[in-house]
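Here is what TrEMBL says about this protein:
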| type | residues | note |
| --- | --- | --- |
| DOMAIN | B:12-224 | domain 'Cytochrome b/b6 N-terminal region profile' |
| TRANSMEM | B:42-69 | transmembrane segment |
| TRANSMEM | B:90-112 | transmembrane segment |
| BINDING | B:H96, B:H197 | heme b b562 binding site |
| BINDING | B:H110, B:H211 | heme b b566 binding site |
| TRANSMEM | B:127-148 | transmembrane segment |
| TRANSMEM | B:160-183 | transmembrane segment |
| TRANSMEM | B:195-215 | transmembrane segment |
| BINDING | B:H216 | ubiquinone binding site |
| DOMAIN | B:227-397 | domain 'Cytochrome b/b6 C-terminal region profile' |
| TRANSMEM | B:246-263 | transmembrane segment |
| TRANSMEM | B:305-324 | transmembrane segment |
| TRANSMEM | B:336-358 | transmembrane segment |
| TRANSMEM | B:364-386 | transmembrane segment |
Amino acid sequence: MRIKKTFILGLVASLGFANLGLAPSALAAGEAVKLKDIEFSFEGPFGTFDRAAAQRGFQVYREICSSCHSAQYFAFRNLEGIGYSEEMAKAIAAEYQITDGPDDFGDMFERPGKLSDRMPAPFPNQNAARAANGGAYPPDLSVIVKARPGGADYLYSLLTGYEEPPADIELAPGQYYNAYMAGHKIAMPQPLYDDMVGYADGTEATVEQMAKDVTVFLAWLAEPSMEQRKSIGFSFMIFMSIFVVLLYLTNRRIWRPIKKGAMPWVGKDEKA
Amino acid sequence: MSTGSFKPKNGALRWFDDRLPILSLVHGSLGAGYPAPRNLNYFWNFGSLAGLCLVIQIATGIVLAMHYTPTVAGAFNSVEHIMRDVNYGWLLRYIHANGASMFFIVVFIHIFRGLYYGSYKAPREVLWMLGVVILLLMMATAFMGYVLPWGQMSFWGATVITNLFSAIPLVGDQIVTFLWGGFSVDEPTLQRFFSLHYLLPFVIVGVVILHIWALHLPGSNNPLGIDVKGPQDQVPFHPYYTAKDALGVGVFLIFFGLFVFYMPNSLGHPDNYIPADPMVTPAHIVPEWYFLPFYAILRAVPDKLGGVLLMFAAVGLLFFLPWLDTSKIRSAIFRPAYKMFFWLLVVDCVVLGVVGAYPPEGAWILIGQLATAYYFAHFLLILPILGKVEKTKPLPQSIAQAVLGDKAGAKPAAQPAE
């Protein structure tokens, strides 16, 4: 069975190479900067979102990020996914004014937000967002963690990666130096400074803490179904593992006489 | 084994089968009435796995299409709607997106199994050629499917690949405009790709039926590559290979599940979670992993038309493989030199895949060109010559003799005449 072994080894090697092959394409945009490796609770096969961190992150998002960035797929009803009660989510929604309509007279009107509403965007359209941000468009944050190589680690690194530019780098007006941005030039000024938000739970609002919290929130927002995915996956794996053992035993039992040369099917038709 | 004499035991079923012998058909093609060589190894599982992949893709795809909107304004939104608001939509989409990769993994192994054991040789040439047709249809379907989420890689991948046709002399530009339904990749392109992405899988089903039909005339090849000499060389497909295929399905689903549940985005590109923007070109446009070897061949030639021709030739070449390989011996087990070249080809394809993932700069250009040259040399030079000069090992007398040794023919009296 040497052939089988070599075949399988070859296969494994091919898959390994294929993975290597994918890595550069995934990293292509951001040169070889090593990201800060943060341990997030949502990593690993059993990882879940830290509700308290996600709620603090939501606060950071509301008070800081959302003044420039939209999150168009984020509905207030989703807040229950990070541990808010329905009443709390309703209360948060009601703090926003939503344009609705047209009413019976054809006019648009403002009303407090409901659970079914989505978070209002800071700018009416992309052009307005560019005009207000020196020509740069602040990307929508709904799936940002999935849309960047490195995901959550990248986001955290970027938020904490503002530094004094090296002498050989020239920054145009409206550009800032960030160690983790592709090309190191970023149009977003440093967004986080110590104590910019006052956490209700008494956590100290350092830049690192806020960056980590908002990353947890955005990782959740990018894939609210992650916990369900992993838990269904776990049941699936348990079920399949047992099932495969049974299939293996069945197969072995069916084949055992055949391996010894028996032909139980011969003459069966004639008897019937 | 009696293929023609199938009679359902149940009276009503017998009545039905006399009028439409569909049960006899199943019995004769997947049941106890289809004899298969007794020595098939686990690489023969990948045919049924490919069929399973096709069924999974069609089943999940039909449901996804119920929630998807093929418009420039709505496509990306509807995909996120599926991910967030549709019940188990995330599961359907992850199965479908990863299922495409699984389908290609399975089919690539299926193809290389055919190469290793010489399954393309007489009398199975048409069976092999139908398989190449299926591969081409799969590539077209997968390419158009990748465009549908309308992310950055969707848009720019579609732009790069459709632009290849502009290399055709004289009418190239008209053909590209015709494919696009306009002057750039836009709404008409997306809508026709959606329509075709829905249609082609059913065309694949049709060719798969022909593929199975063409298989069942000569029957399966086997690891020894020698013809079946009699009933002692065979076992009924059911229950022996249905049980073995079921075990393969179980193991495969675990592998599949690892991707779907634990790394659903690892085979995709992060840029495809950025909505398509015709004004912003990604730093490096790369196709899905299963196209990387072909992408490397495309870029191996500095000339656009040459690259395109070479890429299509890389697949088209496979149609002629049954005649390019001049050896009468099927299985690599008895062809020591071919076995070595087979593994070199595997390595070569992996190298091409790696080259395809990198931007064409520096050493990658040369490596890509050498690997491309070797790919064609394997089929056009090595195989025709090898068949003439190779010293092969002696073939066993029969499958039963090779598998069972002395036990073969232990009960000759039990075997009815053929």
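Any Cβ shown, glycine's included, is placed from N, Cα and C.
Overlay of TrEMBL annotations on the structure.
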{"residue": "B:H96", "record": "heme b b562 binding site", "CB count, 10 Å": "20"}
{"residue": "B:H110", "record": "heme b b566 binding site", "CB count, 10 Å": "21"}
{"residue": "B:H197", "record": "heme b b562 binding site", "CB count, 10 Å": "21"}
{"residue": "B:H211", "record": "heme b b566 binding site", "CB count, 10 Å": "22"}
{"residue": "B:H216", "record": "ubiquinone binding site", "CB count, 10 Å": "17"}
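Across the fold, the C-alpha of B:H211 (heme b b566 binding site) and the C-alpha of B:H96 (heme b b562 binding site) stand 24 Å from each other. Within the same chain, residues 120-122, 124-125, 128-129, 132, 135-136, 139, 164-165, 167-169, 293-295, 297-299, 372, 375-376, 379-380, 383-384 sit at least 6 positions outside the transmembrane segment (B:305-324) and bring their C-beta atoms closer than 8 Å to a C-beta of that stretch. The list of residues near the transmembrane segment (B:195-215) in space but at least 6 beyond its ends in sequence, with Cβ under 8 angstroms from a Cβ of it, reads 29, 51, 54, 57-58, 61, 65, 70, 124, 126-127, 130-131, 133-134, 137-138, 140-141, 144-145, 148.
In summary, the transmembrane segment (B:90-112) does not lie against the transmembrane segment (B:364-386): fewer than three C-beta pairs, each 6 or more positions apart in sequence, are under 8 Å. Each residue contributes its Cα atom, and for B:H197 (heme b b562 binding site) and B:H110 (heme b b566 binding site) those atoms are 23 Å apart. Here B:H216 (ubiquinone binding site) is positioned 17 angstrom away from B:H110 (heme b b566 binding site), judged by their C-alpha atoms.
Cα to Cα, B:H96 (heme b b562 binding site) and B:H216 (ubiquinone binding site) are separated by 30 Å. Contact check: the transmembrane segment (B:336-358) against the transmembrane segment (B:364-386) gives at least three Cβ pairs closer than 8 Å, residues 6 or more apart, which meets the contact criterion.
On the 0 to 100 pLDDT scale, the domain 'Cytochrome b/b6 C-terminal region profile' (B:227-397) averages 96 in the predicted structure.
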